[in-house]
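Enquirer: Provided herewith is a single structure, encoded as structure tokens, for subsequent inquiry.
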Amino acid sequence: MSFVGGMVLGVVVGISLIVVFVKSENARSARRSALATTIAAFARMTVEDSKKLLPPEFYPSWVVFSQRQKLTWLNTHLTKIWPYVDEAASELIKANLEPVLEQYRPIVLSSLSFSKFTLGTVAPQFTGVSIIEDNCEGITMELEMNWDGNPSIILDIKTRLGVGLPVQVKNIAFTGVFRLIFKPLVPEFPCFGAVSFSLRQKKQMDFTLKVVGGDISAIPGVADALESTIRDAVEDSITWPVRKVIPILPGDYSDLELKPVGILEVKLVQAQGLTNKDIIGKSDPFAELFIRPLRNRTKTSKVINNDLNPIWNEHFEFVVEDVSTQHLTVKVYDDEGLQAAELLGCAQLQLNALEPGKVKDVWIKLVKDLDIQRDKKDRGKVHLELLYCPYGMDNAFTNPFTSNFTMTSLEKALKSGDTENGDLGTKKKTVIIRGVLSVTVISAEDLPATDLLGKSDPFVVLTMKKTGMKNSTRVVNENLNPVWNQTFDFVVEDGLHDMLIAEVYDHDTFGKEYIGRCIMTLTRVILEGEYKECFVLDGAKSGKLHLNLKWMAQPIYRDT
């Protein structure tokens, strides 16, 4: 009996195990099928699909969406023909670079030239290619290139002291994007008239300098000056928007060459909330501004000592050569005296965001590195006023920084040479615009409460920065949304280089308490004549100030 019972139990257990196994396998097969379906769906996803599924800010920094196609075939053939490319290109590059090196030759050197120049045996590697859709009458192609080369480059330098040194440029590591423009397209083989090439983006360019048989650091200043010269030469000779035009078919291709297209007027107004780099006291900030990072095109502001909220109010002018791709770069440093200045932060503004002839007032957040977009630390912000004036549109609007805008009789005489000294007109470079600035303090809203009862007694102090002239409104008691409607006139001797500071205070029995301020340049009111604006109060928890500004030009006549 027990034997039969054991057999029945064994059969039941066996069947149960078989059923469980089959169900497990079926479930596992279903999961694998679902996983395969999911993987197949991911494989069919496009870049656009992935961007819709997950916003860009959630991707890790190493995820990059690229439209560039691989160029394994090109690298294979380039490696084969590289010895011939080296022989053909070395002399051409040397002939083009030497004049530029001489142009940027450091003052500590009396001569600078190549004694040897070969590109070495290691061919560059092209990592991607893309076609740029820019709606131009041609084809624009960009090639991304990496080169860890072993070139043999020796510079013969001679110092002012008469010491001659052979300096070797070695350990070159370069990553960048080259742009090729096939333009114009013509109905004749090879279907384009010329090829223009340029270094569109310089991602990395590292190299070391070594004196053959010696140490370059033995001569103070030579290494840094020579490195700066080489970088400036590369920037000025081939970096975009500079381009080299190679004619393929006979014709006039002067329109393809680099030409200035306009002027960018920049007013560096102020900065706020800068990082303090000094152990004792505060940072001593100054700013560098440039469109192309060349020494002769970089503008430097004055140093404001011991201030994390500096006011510069300085005007700079830049030549624009390609408004669609160029940008203005601002770098703020802490002055360290005889030591190298320390970077506090930097920012960039694309020029294609500017409307020609319109003043743009912007605050730009400073970051540690322009290549790192996810800088969460607050490094302060910089206040700029920008005006882009293209060439050939003089009738559409007027640039107030040119010498023919609202000139007085004396200025006209200086320009035309009617005075006794005929060359005064050519020596005059700073435009002086005089007039009367009429400021109406209309009202304020949402001011912070400074009194214990939750109210404030606000009033406004208006100050012209250059002259120090001041005017104050009346005090409005116990009101966080005061209305003044008071008008004040200021005689301004130099409108383009002066600024209006409006400070809001809370009136107390034994003094006053600062609430906030707004700073305005006069460029916009000079251009527009009159405008009304609501200004956010800087330094306040909340609050806005409503002002109306009006400009009345006042020509000044003087006996000459």
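From the backbone N, Cα and C atoms, a Cβ is placed for every residue, glycine too.
Dumping what TrEMBL says about this protein:
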- 6-22: transmembrane segment (TRANSMEM)
- 67-249: domain 'SMP-LTD' (DOMAIN)
- 243-364: domain 'C2' (DOMAIN)
- 418-535: domain 'C2' (DOMAIN)
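For each listed feature, how buried is it and what is near it?
Expert: A mean pLDDT of 84 is what the model gives for the domain 'C2' (418-535).
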Enquirer: Counting only residues 6+ away from its ends, which parts of the chain sit with a Cβ under 8 Å from the transmembrane segment (6-22)?
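Expert: Apart from its flanks, the transmembrane segment (6-22) reaches none.
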Enquirer: Summarise the domain 'C2' (418-535) as counts of helix, strand and coil residues per DSSP.
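Expert: Reading the DSSP string over the domain 'C2' (418-535) gives 13 helix, 58 strand, 47 coil.
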